[in-house]
Structures are given as C-alpha cells and as structure tokens.
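Student: First, the structure itself, so that you have it in front of you.
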C-alpha cells in the first residue's frame with residue numbers, strides 16, 4: 001500500500017497510531033490503534049460521522065480502551081513497530097471502497113466502513129456500540145455531499161460552513177441573540193436589496209457602535225420568526241469567522257483552499273444560505289502573498305454569478321480606504337447607510353435590552369437609569385456613538401452594583417477587621433500575669449463578645465438579603481427560558497405545548513416572582529440591588545473625569561462660598577472672582593449652554609495683580625491641585641507655522657501621528673481649566689482657531705477628530721491696556737473704574753478682531769493693588785515660607801512692624817505683587833538662611849522677626 005495515496009489527515013492518523021503503539025509498549029500496529037486515533041483526531045470527520053449514524057461514542061471509547069489494554073506488551077528494549085496483517089487487510093478493503101467511489105485518495109471514512117464490515121474484535125465493538133452499515137453509508141453520503149476525494153487535503157475542506165461560520169439563525173432560535181429594537185427602516189432596506197435579482201448583496205456602512213451587526217442579528221430573528229418575505233423565509237444566515245479561516249493556514253494556498261471550500265459549500269446550498277461578513281474590509285488583502293490571490297478577488301466571481309448571497313458590514317473610513325479602491329468589488333455590493341440613532345431611539349433600544357442585562361447581572365435596572373444612560377452618554381462621551389456608549393454605561397453600572405452585592409459590605413468589613421485586631425490583643429494579654437493585664441483581658445473579652453454579636457447579626461442580615469435577591473433572579477431566569485420555549489413551540493405549531501406554557505407555566509412563575517418581590521419590599525440595609533440614574537452618573541464621572549453625579553451637601557456649600565475661598569488666595573479682585581465663580585456654578589448645576597465652553601474669559605490688567613494666580617486658585621478649588629490646569633504660554637506661538645503645534649501637524653508633515661498639544665490635553669482630560677497666558681503675544685492665526693472653540697465648544701485636530709471643549713473653562717490673560725490702568729489708578733470709585741475699563745477696551749478692540757471679542761463670556765479688568773492689599777498678600781506668601789520651615793521643625797513669628805516693612809519695601813504700583821516676592825526673598829529669606837547655617841536656630845525653635853533701625857532682626861523665643 002502506498003502511503004502517498006492516503007489523505008493528509010489519514011497519514012497523520014497513521015503516524016499518531018504508531019506513536020500510540022510505541023507509548024503502550026506494543027510491537028504491532030493494530031486496527032484499534034488507528035481507529036482510536038481517528039476517533040480523537042482534532043477536526044477529524046470520524047467522530048461527527050459516528051454521531052450522525054447514531055453510534056454511542058462514549059461506550060465505543062470504553063470498548064476501545066479495553067481492547068488496547070488487552071494487547072500484549074513488550075518492555076525492556078526498543079523494538080520497531082509494524083502494521084499487523086489484520087490492519088493490512090483492512091487497508092486493502094479501504095482502498096477498494098475508495099476506488100469503487102471514484103476517489104483518487106483513501107479517506108478515513110472508508111476505513112470506518114471497512115471496520116463495520118469486519119468480523120474482528122474492533123468490528124464487533126463498533127457494532128455493539130450501535131453502528132449499522134446502512135446508517136454509516138448514509139452519514140458518509142451526507143458528509144461528502146456527492147463529492148469525490150481528488151486531493152490530499154480534501155478532508156480538510158469538508159463541512160467548511162460548519163467549521164468557518166457561525167449560524168446566526170440557530171443562535172436566534174436558541175435565544176442567544178439580544179433583542180433588536182427599532183432599526184426597522186434599515187432592516188427593511190436590507191431585505192429589499194437581498195430580494196433583488198442581481199447585485200443582491202447589501203453592505204451596511206456606518207460609524208463604529210451604531211448597530212450594524214445588530215441589524216443582521218435582527219434579520220436573523222425575523223427569519224426565524226417568519227417575519228420576512230417568502231423568498232427569505234427558509235434561508236439560513238451564517239456569519240463568516242475570518243479568524244478561524246486564517247488560523248493555522250501555514251502553507252501558501254491553504255487559506256485559499258479553505259475559502260474555496262466555503263464557496264463550494266455555498267454553491268451547493270443553491271441560495272439557501274446568506275453569508276454575513278462582518279468587517280468586510282478585512283477580506284481585501286486577506287491571505288495576500290507574492291503571486292497569490294486575496295480573499296476579496298476570490299469572492300468576486302461568486303458574487304457576480306449570484307452563487308454567494310452576502311451581507312457585508314464595515315465603517316465609513318474602512319469602506320473608503322479598502323472597498324472603494326477596488327471598483328470591481330464595490331459595484332457588486334449595494335450600500336445601506338446606518339446612521340446614529342437619536343437619544344429617544346436609544347432609550348427605546350435600552351428598554352428592550354434591559355431585561356437581558358438585568359438577568360445577567362442579577363440586579364434591577366430602573367427606567368431613570370436608562371434615560372440617564374442615553375442622555376449623559378450623548379452629552380459627555382463625544383468620541384463614541386449611540387447606542388453603543390449608552391449600552392456600555394448601563395452594563396458597567398449594573399456590573400458595579402453586582403460587584404457590591406457579591407463583596408462584603410463596608411460596615412461588615414470594618415467590624416470584621418476590628419474583631420481580628422481585638423482577638424490579636426487578647427492572645428497577647430493571655431501571656432501576661434499581672435492584675436492590670438488580667439482586668440484588661442476581662443474588658444477585652446466583653447468588647448469582643450459585643451462586637452461578635454453585632455457582626456453575626458449584620459452578617460445574617462446580609463446573607464438573607466443576598467438570598468432574597470438570588471431567589472428572584474432564579475425565577476426571572478425560569479421566566480426567560482419559558483418565553484423562549486413558547487416561541488419555539490409557536491414556530492413548530494405545537495399548540496398543546498403553547499397552551500401548557502402560556503396558561504400553566506408562565507402564570508405560576510409570575511405569581512412566584514410577585515411573591516418574591518413582595519418579600520423584598522422591605523428596604524435592604526446592606527445590599528443595593530437597583531441601578532439608578534446616580535450610578536450611571538458615577539460611571540460617566542469615572543470615564544470622563546467630568547463631575548455629573550448628584551452634588552453632596554458638602555460640595556453645595558463649597559460652591560456657595562466659592563468667592564470667599566478664592567478671595568483668601570487672590571486679594572483685591574472681587575469682580576474677577578465673582579465672574580469665574582458664577583461660570584463654575586452654572587456649569588455644575590447644568591444650566592450652562594451645552595454647546596459652548598463652561599466659561600470663556602479675558603483677564604486684563606498690569607503685571608503682578610493676580611491674573612494667573614486666580615487661575616491657579618480656581619484649578620486647586622475645582623480639582624484639588626493646581627497641576628490640573630492646562631497652561632499654555634502663548635509667547636511660544638508667535639510664528640505663523642507654530643499654530644500647528646496646538647492642533648497637530650497636517651497629513652504629510654512630520655509629527656502628524658502625535659496630535660496637537662492643546663487637543664491631546666483636552667481629549668485626555670475633558671473637564672479642565674485652560675489658561676492661555678500672555679495671549680496678546682500669539683500670532684493672529686491662533687485666534688482664528690480659537691473662534692470655533694469659544695462659539696461651539698469644539699475643535700477639529702490635525703487628524704480630523706473632533707475634540708470636545710464644552711466642559712472646559714477657558715481663561716486668557718493679557719497685559720494690554722496696562723498703561724491706561726496705571727494712569728487712572730489710585731482712585732477706587734466706580735466712575736473711575738468704568739472710565740479705566742473703557743480706555744482698556746479701546747486698546748483691546750484695536751488689537752483683537754471683533755468676532756473674537758464677541759465670542760467671550762466676559763472681559764475682566766483687574767484693579768491695581770494698593771498698600772493694604774500688598775500687606776494681605778505678604779501674609780499669604782509668608783504662609784508658604786512657614787510651611788517650608790515646618791519641614792525643618794522651625795516656627796516663624798512676624799510682628800506687625802516686620803509685616804509693614806515688607807509691605808512697604810515690596811510695594812510698587814507698576815509691577816503689582818511680584819516685587820513683594822523679591823522683597824521677602826532679599827529682606828527675610830536670605831538673612832534667615834544665614835542665621836540657620838550659623839547655628840542660631842535649630843529644630844524646635846521659634847524664629848521671632850522684628851524691626852530694628854529699619855531692618856529685620858531675628859531672635860529665638
């Protein structure tokens with residue numbers, strides 16, 4: 001017998017049979033070795049063939065093991081194994097069967113048929129397991145589908161549809177697909193295209209996450225329920241698994257053979273199968289190698305002849321990039337656009353999916369949570385599409401509640417830790433012999449007893465609440481299964497079964513659910529089982545960093561006293577503080593315009609009056625860290641070409657992939673304070689970019705992505721008009737301030753374009769600082785020095801005269817508060833540093849600072 005006349009799978013089986021014989025110390029390869037290997041062969045056709053023929057495979061496997069155990073063993077030396085006479089006889093019989101059926105190569109199924117006819121022990125075992133020759137022959141005919149074995153790899157190409165596709169209609173029948181709500185127009189349009197005589201291959205095109213795959217699943221459900229035209233009623237909808245098709249294709253031509261097998265199977269089905277190719281663009285170039293043909297080109301003839309009835313799905317970008325370039329492939333498909341659903345449609349979709357998700361997580365999802373998921377995701381998650389992002393929100397919020405139910409409640413956990421701590425102390429005290437320790441042990445035992453009782457009671461409550469929840473979940477699962485059984489009975493027209501489920505099983509289960517729900521009516525103390533709008537808002541906050549959850553009392557008070565908090569750090573600029581505080585409060589209460597930034601301001605004033613300091617104080621107030629502020633020094637953008645740094649380089653330029661400085665920062669942190677410092681120093685083209693940010697709250701970066709600025713506060717600072725401010729300073733009356741503001745606005749209007757000024761929420765002119773305010777600022781700045789000294793365990797105590805001296809030295813109406821910082825450095829910090837180095841002050845000392853002869857003097861208290 002020639003080995004090269006066996007199919008590759010049969011050759012592999014023979015090699016594995018030899019290994020099996022060697023491993024079991026057998027000197028001869030018997031038919032049982034080969035049959036045993038064929039039965040366990042990965043991807044082989046022997047096991048499916050026997051199952052199809054009604055053979056009891058587990059019983060057969062036991063009998064084969066018994067036969068293998070009974071074979072004689074040779075140990076102690078390595079011997080060559082050779083085929084037995086019985087195996088050779090069976091191979092001759094297999095060869096004869098193959099030739100009778102017109103095969104060029106011997107396939108494994110003829111070996112199975114030869115064994116059934118055999119009178120040996122293996123044949124008897126097979127017949128004892130229920131094998132009959134006629135049934136085996138019928139199963140072989142079905143497996144081969146009228147084809148002969150003409151190539152070595154013929155066995156691998158068999159049942160290609162079962163191997164490389166997923167049956168969506170079968171999944172719909174078993175209730176494994178999520179319900180598809182709405183999308184009637186798109187499904188109708190898809191059916192319309194499928195019903196055409198030619199070009200009957202729709203391709204669904206839309207943004208990621210709008211529900212392209214869901215439309216195909218909806219079509220599968222309609223086919224199963226018979227809610228489609230007559231022409232589609234008996235068809236199967238299969239999804240091509242491209243990963244399985246490519247996986248393990250090691251040699252050139254192997255992938256093409258597999259795809260050809262799929263196409264041949266489809267041709268044999270004569271239009272009874274619709275093939276769904278998700279991510280259609282992956283077919284263009286798949287399997288492409290030097291001199292080879294890619295999958296896209298292999299599909300074209302089948303599509304043109306009408307042998308392949310296909311639905312594709314891909315995104316707009318991928319369609320343009322891959323499919324449109326191949327005009328011959330594109331013309332064989334008919335485009336069906338899938339748009340993003342509205343918020344109202346998304347709410348309807350979520351209501352339809354609610355039961356599935358509630359059942360999966362074992363929690364209750366309330367309707368306000370569904371509405372919140374749709375509205376909040378639409379407003380705050382801008383880089384993804386509905387309904388995908390809303391479904392993800394609902395899913396994650398339900399997952400969070402489930403996690404809290406499964407994990408130990410915080411109160412119980414705290415009690416348990418306290419108990420462990422006390423028990424450790426008890427063990428330590430048991431070793432002590434003195435009376436005081438014995439008394440403490442008695443007290444400790446009493447405390448442990450009280451805590452133990454409290455812990456046991458709480459744990460019992462927690463377990464009973466969990467059990468109540470799980471009981472209701474089990475009933476809901478039974479109701480879901482009963483509904484699936486009812487649908488299956490309806491399709492089979494089994495009216496007796498339908499009547500039994502509809503009027504017997506379902507009402508009984510619903511009565512049980514009502515009883516379980518009434519038992520749950522009491523408020524759960526430790527377990528929360530409902531997903532509310534608040535949980536959805538918390539998930540949005542975690543995703544985006546935007547605080548959309550309900551404000552706690554502490555935060556409300558904090559926002560109401562915002563002016564006072566900012567005023568403690570920024571002195572003498574009450575108007576600016578009020579304007580900024582109002583913008584933050586509007587944003588936090590949801591009253592600000594949803595299509596514009598939370599606030600956009602231009603701060604004007606001379607140097608050193610607190611423009612940048614107010615932004616730092618605001619960042620610390622909002623985010624507990626002044627590092628959360630996005631600060632851009634506009635003096636870096638003085639050249640025309642430097643504008644590209646803000647939004648990213650255009651295509652074809654170096655740095656295109658990196659994105660823009662401003663846009664990337666805001667994409668990562670959408671809720672932030674953006675400070676554009678010294679804005680008048682930037683090139684005029686920068687303001688053209690800022691126009692759409694200030695008006696629509698959005699900016700398109702170099703890669704075409706839209707970046708959302710609607711949750712940012714934009715502050716620009718400028719020194720324009722500082723000369724006019726200095727000239728009119730010295731009088732704090734409202735009339736003078738109005739006159740000063742008008743003079744400054746004249747300068748501003750001369751420098752900035754009207755369309756830029758018109759888009760700002762407010763232009764704030766900062767007041768010059770007087771001596772009293774400089775003294776206040778000195779106190780604030782000295783607090784920083786006190787903190788630094790505290791690290792060295794030193795305290796600082798300045799009397800009023802010393803503070804007065806620093807205020808006088810640091811006061812300069814032209815330069816604001818910056819000279820004060822220099823005065824503190826030169827008058828106080830330099831001298832104090834020398835004193836500390838000289839050993840005048842050591843850890844634990846208090847440094848008393850006074851004035852003597854117009855100079856600061858230091859003494860130890």
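Placed from the backbone N, Cα and C atoms, the Cβ positions cover glycine too.
According to Swiss-Prot, the protein has these features:
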type	residues	note
BINDING	206, 207, 208, 209, 210, 211, 212, 213	ATP 1 binding site
BINDING	605, 606, 607, 608, 609, 610, 611, 612	ATP 2 binding site
COILED	391-525	coiled coil
DOMAIN	3-146	domain 'Clp R'
REGION	6-71	region 'Repeat 1'
REGION	83-146	region 'Repeat 2'
REGION	159-340	region 'NBD1'
REGION	341-545	region 'Linker'
REGION	555-768	region 'NBD2'
REGION	769-861	region 'C-terminal'
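Map these features onto the structure and tell me what's around them.
Tutor: Its Cβ placed at the centre, residue 211 (ATP 1 binding site) has 28 other Cβ atoms within 10 Å. In the three-state DSSP scheme, residue 211 (ATP 1 binding site) is classed as coil.
Of all Cβ atoms in the shown protein chains, 25 besides its own fall within 10 Å of the Cβ of residue 605 (ATP 2 binding site).
Across all of the coiled coil (391-525), the predicted model scores a mean pLDDT of 75.
Across the domain 'Clp R' (3-146), DSSP classifies residues as 96 helix, 6 strand, 42 coil.
Each residue in the region 'C-terminal' (769-861) gets a DSSP state, and the totals come to 52 helix, 19 strand, 22 coil.
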Student: Using the CB centroid of 605, 606, 607, 608, 609, 610, 611, 612 as the ATP 2 site centre, which other residues of the same chain sit with their CB within 8 A?
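Tutor: The surrounding set, listed in chain order, is 613, 717, 719, 766, 816, 817.
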Student: Of the stretches 83-146, 159-340, 341-545, which racks up the most C-beta pairs under 8 Å with the region 'NBD2' (555-768)?
Tutor: 341-545
Student: Can you figure out which of 211, 212, 213 (the binding-site residues) comes closest in space to residue 606 (ATP 2 binding site), comparing Cα atoms?
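Tutor: Checked the binding-site residues 211, 212, 213; minimum Cα distance to residue 606 (ATP 2 binding site) goes to 211.
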Student: I'd like the number of other C-beta atoms within 10 A of the C-beta of residue 606 (ATP 2 binding site), please.
Tutor: 22
Student: Mind telling me which of the binding-site residues 212, 611 has the densest Cβ neighbourhood, counting other Cβ atoms within 10 Å?
Tutor: 611
Student: Provide, as an integer number of angstrom, the distance between the C-alpha atoms of residue 605 (ATP 2 binding site) and residue 212 (ATP 1 binding site).
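Tutor: Rounded to a whole number, the Cα-Cα distance is 55 Å.
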Student: Near residue 210 (ATP 1 binding site), how many other Cβ atoms are within 10 Å of its Cβ?
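Tutor: Total other Cβ atoms inside 10 Å, all chains included: 22.
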Student: Determine which residues of the same chain, besides 206, 207, 208, 209, 210, 211, 212, 213, have their CB within 8 A of the center of the CB atoms at the recorded ATP 1 site, and list them by sequence.
Tutor: 315, 338, 385, 388
